[in-house]
Amino acid sequence: MRSAQVYRWQIPMDAGVVLRDRRLKTRDGLYVCLRDGEREGWGEISPLPGFSQETWEEAQTALLTWVNDWLQGSEGLPEMPSVAFGASCALAELTGVLPEAADYRAAPLCTGDPDDLVLRLADMPGEKIAKVKVGLYEAVRDGMVVNVLLEAIPDLHLRLDANRAWTPLKAQQFAKYVNPDYRARIAFLEEPCKTRDDSRAFARETGIAIAWDESLREADFTFEAEEGVRAVVIKPTLTGSLDKVREQVAAAHALGLTAVISSSIESSLGLTQLARIAAWLTPGTLPGLDTLHLMQAQQIRPWPGSALPCLKREELERLL
């Protein structure tokens, strides 16, 4: 016997979270809980403003329609990426497809003061990998910060994310301030330039490896082995169903590329599922999931070791 619940939620964000020139004051989303007999599965649907094609309201309408169809015996999935991902996660939990084992390691995210990152990395066991957002300030400043970090911590490898912020000139200004001896310890730089061709040229000219992120969601993108391209960053909330995520990981691995499962600032419930997906599909690769500290609360399932309060399902607004 099938049954389902849908919850709507809103989590206050820390001050200072900016996405594509928009301040994100709250993280808004939905949960679906599917039941079939004794089994239960949860999924999170939280379109990311400025990045997702669909709005929260559109996702809610699509989710409620899909849930009602599922209750009637339908086996299909919704079209919208965030809804397809959340629904497929709920089904994967319900059927036991999604393993419980999780990779709760996360590459620490530095959005501001590099000194904070140095302190966090000092306590990090094993491989030291961190992520730094670049492109928010002057390219020269970004280059200097990256150089300081690589100089201060000799065993550090950095993942950088520019979100296509730079012109070729700005990208070259950044590279100019990174010591050529340190560039090999930049694991990759996500989408440095506004176009793929400019990003490819940057990689060739500087020796700094790049990764595709936004490109994966463009209609003309194909997986290819290319000089200077080392990785793909997969954000499941923006990608679609779990099957589509698995296809992209497999395509990347077939070409010898690193595939990194990455957060779209999901709640703790969604992040714990991403940690399980990472352990399952990309074992041995550190996922990019260090976004919980941007929020003021957790929900339903806590992230191990987090001191943030965790809300229970009874405290959420139920829609169905």
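For all residues, glycine too, the Cβ spot is worked out from N, Cα and C.
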Matching residue for the Mg(2+) site, where Swiss-Prot names Asp161, Glu190 - out of Asp142, Asp181, Asp213: Asp213
Neighbour tally for Glu190 (Mg(2+) binding site), based on other Cβ positions within 10 Å of its Cβ: 27
Number of Cβ atoms other than its own within 10 Å, given for Asp213 (Mg(2+) binding site): 22
Active-site residues: Lys133, Lys235 - member with fewest neighbouring CB atoms within 10 Å: Lys133
Environment of Asp161, Glu190, Asp213, the listed Mg(2+) site - residues of the same chain whose CB lies within 8 A of the CB centroid: Arg159, Leu160, Ala162, Asn163, Leu189, Glu191, Ala211, Glu214, Val233
Cβ neighbour count (within 10 Å, all chains shown) around Asp161 (Mg(2+) binding site): 22
